[in-house]
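Structure, as structure tokens:
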Amino acid sequence: MVRPSCTIEIFILLNDDIHYPFPPRSPEKFSTRPPRATEMSLYTLPIRPTYPIITCRVSPATAPTVASPPIPPSLLPPATSAATVPSLTCALQCPHFESCSGCTHEFNLHRPVIVDEASNFFKGLGVSDFTFDSCRLWGWRCRAKLAVRGSSENPLIGLYQEGTHNVVDIPQCKAHHPNINAAVELLRKGVRELNIEPYDEDQGTGDLRYVQMAVTTHNTALPAVERYRNGRVQVALVWNSRNEKSSNSDKLNALANFLWRNGGSRSKLHLVHSVWANFQTSTNNIIFGNRWRHLLGERDFWEHVGGIDISLDPSSFGQANTRAFDSLLRKLHKYVPFGASVADLYAGAGVIGLSLAATKKCRSVKCIEINKESKPSFEKTVDRLPKSIEGSISWHNADTSIDPLSWLVGSDVIVVDPPRKGLDTTLIDALRTISSHKVKPSLKGSSSIIKEEKRPWVLRERERVKEFSVQVGRETISEDPQSLPETLIYISCGWESFKEDCKSLLNSKSWQLEKAHGFNFFPGTQSIEVLAVFKRSLKKKKTGKKKKKQG
């Protein structure tokens with residue numbers, strides 16, 4: 001978003017007992033994107049001292065027109081109204097800010113300080129037109145994982161303090177979609193009325209360990225401007241038992257029925273989309289177990305991003321900020337040629353690859369993901385793609401760190417969307433040396449280029465790949481075994497890891513950085529999402545002419 005030239009009014013309420021500024025903390029502590037597999041840990045919160053309350057807004061007399069839609073009254077800070085709020089307001093004003101560090105700063109939400117660092121970083125690499133897009137500043141989080149602790153009389157539903165497993169209760173979180181907060185309060189009421197025991201980590205006792213709240217705004221029965229405000233919440237209860245037949249299953253069913261009766265489709269509130277259960281008895285920090293059960297409500301959870309309808313099971317990775325993600329996808333589409341062959345690595349349910357297949361009519365799209373739980377979501381999303389798509393679309397349950405070059409062969413464009421730690425070392429190495437490789441057919445490639453094999457381990461691997469892969473449309477066409485990608489699109493949620501990966505790619509001389517864009521996925525934090533476009537450096541052909549020797 002282009003920063004307007006305007007008058008800024010700053011109001012500061014000081015407390016004599018505080019010291020400001022507070023030393024900055026690394027944004028790595030506040031991960032909003034979980035690992036791809038089920039080993040998902042809750043992000044933690046450090047204890048912070050009281051801050052001055054600083055409100056920053058554009059003066060009404062000089063406020064420019066903002067491209068983003070007006071902020072709904074339900075999402076505005078307290079003690080304000082749509083009639084009195086200027087076109088740009090950037091103060092958090094959250095009652096939990098002093099005790100909860102899910103947000104690291106409470107003013108200038110539209111442009112965190114890290115944007116200037118990113119702009120200078122890319123300028124030093126020759127990209128002077130770095131852009132930064134900011135969407136919704138409050139109520140942006142449509143997916144939240146919260147710990148449940150305390151007692152049945154006083155349940156605590158929120159986030160950990162840093163270095164501890166003490167939970168901070170955040171019933172009025174300004175980052176959460178308002179309907180997540182409403183669903184949390186409904187859950188709190190159910191826990192109290194039904195005497196549900198929150199999990200006790202020290203004793204390993206109790207029933208309810210965590211809850212995941214995910215909001216869908218995909219309600220085509222409503223006008224587009226009302227869909228966000230009327231989002232329905234998918235509630236996933238992480239239950240302290242091995243399965244639905246355990247001794248405490250009656251309490252689980254009672255809690256699910258309470259949520260549905262008071263918030264389901266037949267209630268006046270109609271807040272809850274569905275209720276799911278996940279069963280987990282591990283004593284480590286893993287949130288989800290491997291066993292899921294749909295209890296009540298709609299089974300399929302849909303969202304519309306990148307020009308397509310996408311399906312997300314509660315076990316699948318989904319972006320917390322769906323509006324910002326949609327903005328990123330539409331920007332990404334500009335850098336993929338019409339009819340290209342694309343490999344989508346760290347693909348999850350294949351949202352990026354499938355949106356490209358639909359909008360750019362790609363001749364082939366390969367989605368590679370390590371978490372096999374994403375396969376059902378991929379299949380449901382494919383069923384809603386336009387029938388006009390004629391290319392090859394495939395999803396593969398595989399680890400991109402193993403023989404990564406085999407996934408790059410035959411593709412014009414590589415898209416990588418790794419977790420916060422960045423790219424796997426083996427993948428970085430393959431990208432750095434890609435121009436020097438003499439590519440050979442791989443076991444993971446098309447069956448048409450795999451030679452006949454009789455070795456047992458090869459046959460077993462073929463069966464595994466076949467079982468955990470999905471092929472849509474025509475079979476993958478035979479690719480030129482020497483064809484290598486010319487474009488690499490890197491989507492990053494970890495700024496520090498991205499900088500290291502970027503420098504490594506550029507130092508190899510195999511890639512050149514062409515474009516870079518930032519997106520405000522996490523307002524209130526010092527984290528940004530980055531979209532970077534690299535072009536492969538092509539070696540100049542020798543002309544054959546020799547210079548005459550002087551002398």
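Glycine residues also receive a Cβ, built from the backbone N, Cα and C atoms like all the rest.
Features of the protein shown, as given by TrEMBL:
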| type | residues | note |
| --- | --- | --- |
| ACT_SITE | CYS493 | active site, nucleophile |
| BINDING | GLN319, TYR346, GLU369, ASP417 | S-adenosyl-L-methionine binding site |
| DOMAIN | 328-422 | domain 'Methyltransferase small' |
Residue among binding-site residues GLU369, ASP417 with least C-beta crowding, 10 angstrom cut-off: ASP417
Residue counts (helix, strand, coil, in that order) that DSSP gives for the domain 'Methyltransferase small' (328-422): 31 helix, 21 strand, 43 coil
For the domain 'Methyltransferase small' (328-422), mean pLDDT (0 to 100): 93
CYS493 (active site, nucleophile) versus GLN319 (S-adenosyl-L-methionine binding site) - Cα distance in angstrom: 11
Farthest-apart CA atoms of GLN319, TYR346, GLU369, ASP417, residues recorded for S-adenosyl-L-methionine, distance in Å: 16
CYS493 (active site, nucleophile) and ASP417 (S-adenosyl-L-methionine binding site), distance between Cα atoms, whole Å: 8
GLU369 (S-adenosyl-L-methionine binding site) to the residue listed as 'active site, nucleophile' - Cα separation in whole Å: 17
All-chain count of other Cβ atoms within 10 Å of TYR346 (S-adenosyl-L-methionine binding site): 22
